[in-house]
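Student: Before we start, here is the structure in question, set down as structure tokens.
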Amino acid sequence: MKVLSAEQLSGADKETIRKQNITSEELMERAATLVFNEINQRLQGAPIPIKIFCGIGNNGGDGLVIARHLIQHGYHVTVYVVNYSDKRSEDFLANYEKLKVITNDWPHLIKEEDHFPEINTGDFVIDAMFGIGLNRPIEGWVAKLVKLINNSQAFILAVDMPSGLFSDKTPGKKAAVIEANYTLSFQSPKLVFFLPETMDYIGDLQVLDIGLDREYISKLISETFLIGKQEAVSLYIPRKKNSHKGDYGKVLIVGGSYGKIGSVLLTATAALKTGTGLCSLYIPECGYDIIQTGLPEAMLMTDTDKKMLTTYPKDFDADVVCFGMGVGTDEKSVQALKELLQANNDPVVIDADGLNILSNNKEFLKMLPKNSVLTPHPGELKRLIGAWEDDFQKLEKVKKFSKKYNVILVVKGAHTFTIDREYIYINDSGNPGMATAGSGDVLSGIITSLIGQGYEPVNAAVFGVYLHGLSGDITAEEIGYESLLAGDIARNMGKAVKALFERESMESK
Ligand SMILES: NC(=O)C1=CN([C@@H]2O[C@H](COP(=O)(O)OP(=O)(O)OC[C@H]3O[C@@H](n4cnc5c(N)ncnc54)[C@H](OP(=O)(O)O)[C@@H]3O)[C@@H](O)[C@H]2O)[C@@H](O)CC1
Ligand SMILES: Nc1ncnc2c1ncn2[C@@H]1O[C@H](COP(=O)(O)OP(=O)(O)O)[C@@H](O)[C@H]1O
Ligand SMILES: [K+]
């Protein structure tokens, strides 16, 4: 799904009004009615106090439409107009008049702190103060109102986006922003919904298709995509009946050191469980018995050093090589990575200490084969590209790095971002149970496996990240977050691939 900017959404809005020959008020009615339907479906007429806070722009207009429908369906609604300015939008005014017709209980005007209502724990608050039109931080008494709502413990539903969030920049640490429990957003998710600094404001997210012109949207150039089940399925390459193990990749995993052999075991298990035909490992000698026992399907070569990697098997003919998990950063292991980079022209996957070695030896970056995949977590990323001021600057820096070195970066997190030059792919699978040692090692194995099976590196990264999260979701569904182990994610890869094609088994995310 394309992630559109506020500007693109406004354009689509105008084109829809023109092409469908409707007024902007009718479009607002359509969008806000969808929000009402969702609320009605969940509340089923429950007599709980609903407090709707409306701004004076079109987000406020949506709030007034929602209020009208809720009142007409017998809900206990109180409407507040957060009168932060006198420039009421036309559609706000039209809906203000419509509301007056159906109730004597007219909106309460809030113009200062003294007008604030009491908000109680059991209230259902609808935030329709600001949407994509916010152009400066919320200040003064409006900021105080935002804090009052946040501190109320009431359930908060945000319309289009939580008030206080911008669509194209982060709000700053002390800014007043609604902390929603649930966000119902129109037509397209916004980039800020997925960034580490701002994702916590969103709560659960649902995107409503408000019927903006499909043709116009399909022609819009977007560089940012949300990857859900539908997008993942489209990347899948089916196996051929007439095939053999040589068709599914000869993978080489290089890693491990004394005390960290488990990392390569996880990576290799994930690679084989993702469909690799032939999986070999190059490890320090101390890992020999561990791998042969733990993963008899894998083949092994060992370094002459017992405890760490000192070299790289240059003559080994692999389709794809993965380097880095559990390696450490000893000078001798730096040499191993150097030899690997000198010996390879095809894309490689670099993770963990492989990334730390790159950060300590920046001259190696130029040696990375084109379209190699780097999989940093935020700490590794910082060492690689330097610190950033906010998430938007981080994305710009990563794009620049990706272009400069011709590589793909998988920036791991609650929403993992795969960045290929100017393109951003945001992952929508996964859960907090995956915040457990070794789950990154598993991801590297999955991506390496897919490259070995003939996926383009960027597709291997995007699809691999999705499958990794999906396997984590399936595992969490079975055993909960707390006891989820990285090895479970690897072992459940088969279920994840199957779930891609099962309609009922998993909710399409
Ligand atoms: N296209 C779609 O998908 C559809 C969109 N729809 C809905 O429209 C929403 C966008 O509406 P919108 O453009 O009227 O902007 P909105 O967010 O209501 O606020 C703008 C007002 O706030 C003001 N202002 C800004 N910052 C401020 C501040 N810090 N403190 C105080 N004031 C501030 C600014 O005035 P300014 O002073 O800057 O001139 C202006 O008056 C969108 O989110 C969605 O809900 C649907 O109805 C239909 C389909
Ligand atoms: N809260 C979360 N939600 C979804 N995925 C998560 C969450 N926390 C971690 N993950 C995923 O788990 C993996 C952790 O990787 P990493 O930090 O490299 O772990 P390790 O070094 O222990 O292998 C990443 O793929 C990341 O996206
Ligand atoms: K809002």
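Using N, Cα and C of the backbone, Cβ positions are placed for all residues, glycine too.
Automatic prediction, not curation, is the source of TrEMBL annotations.
The annotation domain 'YjeF N-terminal' is assigned in TrEMBL to 9-218. Feature annotation from TrEMBL assigns (6S)-NADPHX binding site to 58-62, 131-137, D160, G326, H377, D441. Residues annotated as K(+) binding site in TrEMBL: N59, D127, S163. Per TrEMBL, domain 'YjeF C-terminal' is recorded for 228-500. Residues or ranges marked as AMP binding site in TrEMBL: K412, G413, A414, H415, T416, G440.
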Student: Hey, for the K(+) site built from N59, D127, S163, who else sits with CB inside 8 A of the CB center?
Tutor: F53, G55, G60, G63, A128, M129, F130, G131, A158, V159, D160, M161, P162, G164, I178
Student: Could you tell me the C-alpha distance between N59 (K(+) binding site) and R136 ((6S)-NADPHX binding site) in angstrom, no decimals?
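Tutor: Taking the Cα atoms only, N59 (K(+) binding site) lies 16 Å from R136 ((6S)-NADPHX binding site).
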Student: For AMP, what surrounds K412, G413, A414, H415, T416, G440 with a Cβ no more than 8 Å from their Cβ centroid?
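Tutor: The surrounding set, listed in chain order, is H377, V411, F417, N427, G430, V465.
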Student: Among the binding-site residues D127, G413, G440, report those whose Cα falls within 10 Å of that of G60 ((6S)-NADPHX binding site); none is a fine answer.
Tutor: D127
Student: Could you tell me which of these binding-site residues, R136, H377, K412, H415, has the greatest number of Cβ atoms within 10 Å of its own Cβ?
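Tutor: Counting Cβ neighbours within 10 Å, the top one is K412.
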Student: Listed binding-site residues are D62, D127, G440; which sit with C-beta under 6 angstroms of ligand 1?
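Tutor: Among D62, D127, G440, near ligand 1: D62.
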Student: How would DSSP class S163 (K(+) binding site) in three states?
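Tutor: SS state of S163 (K(+) binding site) = coil.
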Student: Same chain only, sequence gap of 6 or more: which residues have a CB within under 8 Å of the CB of D160 ((6S)-NADPHX binding site)?
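Tutor: Same-chain residues close to D160 ((6S)-NADPHX binding site) (Cβ under 8 Å, separated by 6 or more) are N59, D62, G131, I132, T183, L184, S185, F186.
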